[in-house]
Every structure is written in C-alpha cells, then in structure tokens.
C-alpha cells in the first residue's frame, strides 16, 4: 500500500495575498510536486529532504525554485505576523469598546439615568404638589363663593323679615295710638262733663273745635255716613292761627284717599281736591279772624265755585268731570288721610286754628242761602253732614268750646 503525499512548493501563481501595509501582492505557483511514500514510512522530516533533492526536479532550475519558495515562505510569515498584529489590535479595540460600553452602562448611563429619573421624579412630585395646591385653591374658591351666596340669601331673608316685622309693628303702633286717643278723649269727656245728652244745653249757641298746635294726634271724626254724591256744597267758619291753614277736611274711600279734600299746605294756596284732581283757590284768609267760606262742585262739566263771606270769589270747570263722590268712606277734620281711616298723620299737614259750623249738602246752595249763612242769620244744617255734637268726635287734645264766630255779627246788627 502506498500513500500519495502532495507537497505544495512555496511558490504560487495567480493568487492575490495581503502584503505589508495592507497592499495587494500577487504570487505564482511553479508546479505541483507529487511524491509516493510507502506505508509506514511517512516521516515529515523526509519531506524537506525530498523537497531539497535535486533529482526530483530533473530538467528544472533548482535555484529558481528554491528562491521562489523562500520568497513565498517569507511573504506568508510576514502576512501571518501582520494578521497576528491586526488581531491584537482588533482585540484591544474590542476590549476598549467593551470597556466603554460597560462603563456607560455601569457608571455613566446609570448615573445619568438615575439623575434623569430623580429629576423626573422630583418634577413629577412638584407637578403633583402644584396640582394638589391648585385643586385645593379652586376648591377653597368654590367654597368661598358658595358661602358668599348663602350669606347673601340669608341677608336677603333677614331684610325681608325685618321689613315685614317693621310693617307689622307699624300696624300695631297705629292701633295703640288709636286706642290711646280714644281713652284720652273718653277721660277728657268725663272730666269736663261733656256728655252728649246735656251738650245742647251747655252750648245753646253751638260749639267750635280748637286745634291749638300742629300735631299728628289732634283730629276729629264725623260719624255721619257719607252717601254717593253727584253734587256737593261745604260751608264752614274758619279762624286760622297761622298763615298756613293746613288740612280742614279729608274724605277717603277704599280706592282713593283724596276723594274730597280742602287744605292749604306750605307755599301754596287753598286747594279743593276731588278724586285726586286739584283746583287751586287763592283766597286771602286773615290770621286770627273768623271768616265764612263755602265751596261747591258738580260732576256735570266738573264745575266748581269758591265763596268768601257769602260772595263768589273764584270759579272753574273740568274738575273730576262725570265723577261721583263714592259712599262708605271716612271724613276727618283737621288732618289729611293717607288711607281710609289712616291714623298715621303728618304734623306739617295738620290744621292749626279753630273750626265751626262745618256743614255739607248734596246740592248747590243759592246766593241768598250762602249770604244768610255768612251773616249768621240762619241756623241751616247740612243734610249730608250736620254740625251737631253727636256727629263729631274729637281726639288728641282737640277741644269743643262755645261758638263765638257770630258775636261780632250780633254787635253789628245791634
């Protein structure tokens, strides 16, 4: 048995190898040498001897082959060294790269990540704290608004309750004042012995009402019921104590507090008011002297007349035309009513002076009748409101005294 050993001579042709410095280098093969080796005699040491045996290369240039093989061997060794150097460089670079990567992962990246994580965590906590603070502030603001609204509602309720209580207190005060005036008048009547039964005998010539000062408590009521009136005439004797007379008479019904009013207020003339419509009466009244005055009104064309001393002084029309004085009201002397039977008067509108012979008729009086009343030549009483003691009740210090308005007339006639 034979083993065939192929010995490759260290010369090549047609191959490209990596030379020193990384440049390309071409090498060539010279030939392929085949040497038969008997079995069991394969000895690597003999390979070199066989290669150096010139007999194997009969007819060839031994020197050329040897030189070429040597060059090839040196080239291979040189490439091997370069490869080893490159491998060491690669390993060093790989190690440094690994070290850098491990350093970034182990030290820098974790620290940065930790730093970023802590910063993010801190920022998140700050944001959460800000959100909590903002939410608490908004909640507090909403609560404040709710409390403010509730406080306003309670204040409004308290104000309404206060107004209702004030109104109720005012009503009670009016009733109390009325009761006190009634008691005072009863006591005064009993003390003075002015019983209605004997009053006619005490004042055979009639009586007069005295309003000494302007007061909210001084007034007189006419108990006679007033019917519906299409025409009226009111006459009276007046003795003013001041230049401003005040309110002589005030008749009020449920729908109108100024159904019929005769008054003189500050800086104004005497006024005749029908259904809250006004007719001015610029009459000159003398302070401290008795004077006879009459007024008349007719719903037809609203015609009205004013008389002083039995003589016509003023007249006009269009005063509450086609209106009728409504029945069932309250007639008060000496005060202006703000409502039916209203007992809360104003002192500035109260009468100050004396009043007598206040009579009302449901017709127009003739000139002869008016003149007779002004001369005290007749004792004619009104068919709507007669001047009798039974029909007039006084309150608050108003007094009834013997009439003296016709004394000067009597002396003149004598």
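For all residues, glycine too, the Cβ spot is worked out from N, Cα and C.
Going by TrEMBL, these are the annotated features:
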COMPBIAS  101-111  compositional bias 'Basic and acidic residues'
REGION    101-141  region 'Disordered'
COMPBIAS  118-133  compositional bias 'Basic and acidic residues'
DOMAIN    205-406  domain 'Pentraxin (PTX)'
DISULFID  235-294  disulfide bond
Self-check item: Integer mean pLDDT for the domain 'Pentraxin (PTX)' (205-406)
Solution: 94
Exercise. Compile a sequence-ordered list of residues in the same chain as residue 235 (disulfide bond), six or more apart from it, whose Cβ lies below 8 A from its Cβ; state 'none' when nothing qualifies.
Key: 292, 293, 294, 357, 358, 359, 365, 370, 373, 382
Quiz prompt | Count of other CB atoms lying within 10 Å of the CB belonging to residue 294 (disulfide bond) | solution = 24
